[in-house]
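Peer 1: Dropping a structure here in C-alpha cells format, bear with me for questions.
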Amino acid sequence: MAIYSLFLISGQTVALLLGRLYYDKGGKSKWLGTLVQLVAFPLLLPYYIIIIMSSAPKNPINGVHSKQPSTLILSSVYVSLGLLVAGDCFLFSIGLMYLPVSTYSLICSSQLAFNAFFSFFLNGQKFTPFIVNSLVLLTISSILLVVQTEHSVFAVSKGKYVIGFTCTIAASAGYGLVHSLTQLAFRRVLKRETFTVVMDMIVYQSLVATSATVVGLFASGEWRGLSTEMEEFELGKVSYLMTLIWTAIMWQVFAIGCVGLIFEASSLFSNAISVLGLPVIPVLAVIIFHDKLGAIKVISMVLAIWGFLSYLYQQYLDDFMKPKAEDRNCNEDSNASPPAPP
C-alpha cells in the first residue's frame, strides 16, 4: 500500500510539474498536452502480466460469481468512459496551460467533493456530518482561488485565468463523475472487481481515450505546428522530447499506483490519496517556477487538507464500523438458530 501510494503521489506530482514546464517554456498544443496523459498506457502491460502471474485474483464483489457481460455491453462501457476520460484530460490541459501549477493543483482537490456528490446519486454514498464538512471546506478552498489577485510570474490575462479556472473545475467534476461511473460499472455491469477486470478497464479505457485524442490532434490542425514548437522550445529539442516522454511515463507511474490502490483497497481510497498529494505541488511550484504562495493560497491549501482529512476520517469510521456490524449480524444469526438436538 505504501509503495502504491508513493507511486501515485510521485507520479502525479512530477507529471504535473513537467506538464507546466512544457507550457512554460514554449509548448502551445492543448491536444499534445492531453495525449501525453494517456499515450503511454502500454507500459502497464508488463506490470499487468507480472501481477497476474504472481498473485491470486481478488474475490468478486459481494462474493458473487456472475455471468460475464456481453461484448457489446463491455464495449459500450469502455467507449463511453474512454471518451469521458479524453474530454476530461483535455480540460485539465487547458487549465494547466492558463493557470499557475500551484493554483491548478489546489483547484483539482475539489475532485474529492465532486466524487462524493456523484457517488450520492450513483453509488448510494451517505452524507454524514464529516462528508458535508469535507464538501464545504473543499468548495470554499476552490472559491478562494477565484478572488485571489496574485498570479504566477508568467503572463496570463484575466480572461485566460477565468477560462483555466472554469476548465479545471469542470475537469475535476468530470474526474469525480468518471470515478463514480467506474464504481457503478464494477457493481452493476461487471459485478466483480478482480485485478484482471480493473486492468481491462484501465487499458481499454485508455485505448479509447488515446484514439479520441489523436483524432482531436489531427482534426484541430495542431499537429502542423509541432515541429515549429520543438524548434522554438526554450530548453532545446532534446529537452522538448524528454519533457514529453517523461511526462507520459510519470502519468503511467501514477496509473500503476492508482490501479494498485484500487486493487488493494478501493477506488475511493485511491482518489483520496491522489488528493492528498496535490498540496505538495504548490510548495514545489514556488521553488521551481517561482509561483507566489500568498495568504489566500495558504488558506486554500489548509482548507483542502482539512477537507481531505475529514473525508478520510469518515472512510475510517465506515471501515471500522463495518466489521462490528458484520460480527453483530453473525451473533444474531447464531442466537436465532434452533438449538442442536441432544
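Just so you know, glycine gets a Cβ as well, placed from its N, Cα and C.
Where the annotation comes from TrEMBL, it is an automatic prediction and has not been curated.
Fair warning: this is a prediction, and the values are worked out from it, not measured in the lab.
Take a look at what TrEMBL says about it:
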- 31-51: transmembrane segment (TRANSMEM)
- 72-98: transmembrane segment (TRANSMEM)
- 104-123: transmembrane segment (TRANSMEM)
- 130-149: transmembrane segment (TRANSMEM)
- 161-181: transmembrane segment (TRANSMEM)
- 202-220: transmembrane segment (TRANSMEM)
- 240-263: transmembrane segment (TRANSMEM)
- 268-289: transmembrane segment (TRANSMEM)
- 295-313: transmembrane segment (TRANSMEM)
Peer 1: Could you check whether the transmembrane segment (31-51) and the transmembrane segment (295-313) come into contact, where contact means at least 3 Cβ pairs under 8 Å with the two residues of each pair 6 or more apart in sequence?
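Peer 2: Checked: the transmembrane segment (31-51) vs the transmembrane segment (295-313), no contact.
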Peer 1: Counting only residues 6 or more past its boundaries, what in the same chain has a CB within less than 8 Å of a CB in the transmembrane segment (295-313)?
Peer 2: 102-103, 106, 109, 112-113, 116, 130-131, 133-138, 140-142, 144-145, 147-148, 150, 272, 275-276, 278-279, 282
Peer 1: What parts of the chain pack near the transmembrane segment (104-123), using Cβ distances under 8 Å and only residues at least 6 beyond its ends?
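Peer 2: Residues packing against the transmembrane segment (104-123) from afar: 16, 20, 92, 95-96, 131, 134-135, 138-139, 141-142, 145, 164-165, 168-169, 171-173, 175-177, 179-181, 183-184, 187, 268, 271-272, 274-275, 278-279, 281-282, 285, 297, 300-301, 304, 307-308, 311.
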